[in-house]
């Protein structure tokens, strides 16, 4: 009953605070939208400048969807600095050089890949030309051998039979003079030399598609943490927490009231972020959207618990902000963007204490890999464990303000 | 009946209250006075159970403090205006009323609003209230559970003289149902109390009605009592 009244009060306060509402709902949408457009489209063409490069290579580059600019006598550095191209490809005495500024991996990566591929293809073409020549030579040679065999046979026919028996020349030399010229010497260059098989998703996946599920969880965590922490801090610094504790309310009722009061908004925020990502930004999801909700709602309660808990250690809003680089930012690195298995061993020990490590990686499992509820039950249980721990610590922490 | 016996409280190495023993009589206004930092607020926090006293005992109606259920009988008004600024005055009252359970009726809320003269402004957000209005609202909230014990920490700070007078009249009216404990360091207010507890040196240096205290110390106002106490202390220190 008291808890319900507390929840009602929190709802009233949040709904009246337009700025907090905007922070909860508009800020994540704004940032996610921005990110969606900030990453370059993989279909965008990369521009490459060529100096002293044969037309064959230029043709191949163009076939590989690159814009080729033919240049002579340029200052490569200033040419690239001016943004004329992502790279400059040169040939000198058979040595190929691609020069890049090395300040924009998004464009330069494809430039390096494309150029390498073009030169490989060019070299393969040369190779197949050589093979053709060899086959032609061999055909000529085999024709010569056939002529020889024929003339030997003719000679044999003209010899007297005794002589022929003595000579016992087996003209059946077993030489397969019929060289198989059916060899497909034209290696088909229209197809990719290698087929990439995608276990999850397809080649249309961009970096954003992998980042987005993590970001959804990150925003849920970040904004809920901040708002829960700030509001509890306000309750404490304005003296209303003390006043509240002068009533017979239980400490657990305060903690649960806060948890569910802000939990309502956390759930709404999660819904808005997920629905926006899926339906407006066309985030492809392999798994079920329900599982996305489960992960993020659990995560938002972890963030609530952590925010409330940390707010008891600070005495001002600014000190609350100071927790962001300490508590929030490091979690991004472990949230699935980078592979934890290849990190330093001591970092691998840190990862399991971070709620976003579980949420982020599980989001990837659900959104990109289509994991079912059964397959993500372990990380979900750990998130529940986090909630239990934080709630318990919060209730114990309330003892600071009232002993019973 | 509030009964403190041999109660001590310290924070870390710093002792705030030492062997305090006092009975606070029912149905009267007891004033807790003394210079800043003498432990008035700590004493109140121990009474409320917000702080746990280290040794000795505190009993309210024969129940040992701290006890959460006792808080049903206590109304508390803190030094700062502990109000939700983004709620209206009425919403503040209703919210805290619910914290004491369902029994608080609409009539009760109305009579309290009338008592503190906030009926006109009950629908205004508290952030638009003046300092005096906030103080009155805090008082109203402290009264919402019709408490048997009313603990007020400097209730009249920042209130204009006319309102101050009316609040004191109300406090004296409340005496018939409640026991009031008020801290103040405004000495003319101390004179309006029925009983005084003078806090000094981690304990209660003197107690009695204002008149008794003045006579005992042979002075004409309470400020001088503290000066006398200071002198005595100095003499004791010299004698030792």
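Cβ coordinates are placed from backbone N, Cα and C, and glycine is handled just like the others.
Going by TrEMBL, these are the annotated features:
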- A:117-144: coiled coil (COILED)
- A:176-401: domain 'ABC transmembrane type-2' (DOMAIN)
- A:21-39: transmembrane segment (TRANSMEM)
- A:210-233: transmembrane segment (TRANSMEM)
- A:254-281: transmembrane segment (TRANSMEM)
- A:293-314: transmembrane segment (TRANSMEM)
- A:321-340: transmembrane segment (TRANSMEM)
- A:376-396: transmembrane segment (TRANSMEM)
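Scored by C-beta pairs under 8 angstroms, the transmembrane segment (A:254-281) has its highest count with A:210-233, from the stretches A:21-39, A:210-233, A:321-340. The stretch from A:21-39, A:293-314, A:376-396 with the most CB pairs below 8 A to the transmembrane segment (A:210-233) is A:293-314. Mean pLDDT for the coiled coil (A:117-144) in this predicted model: 87.
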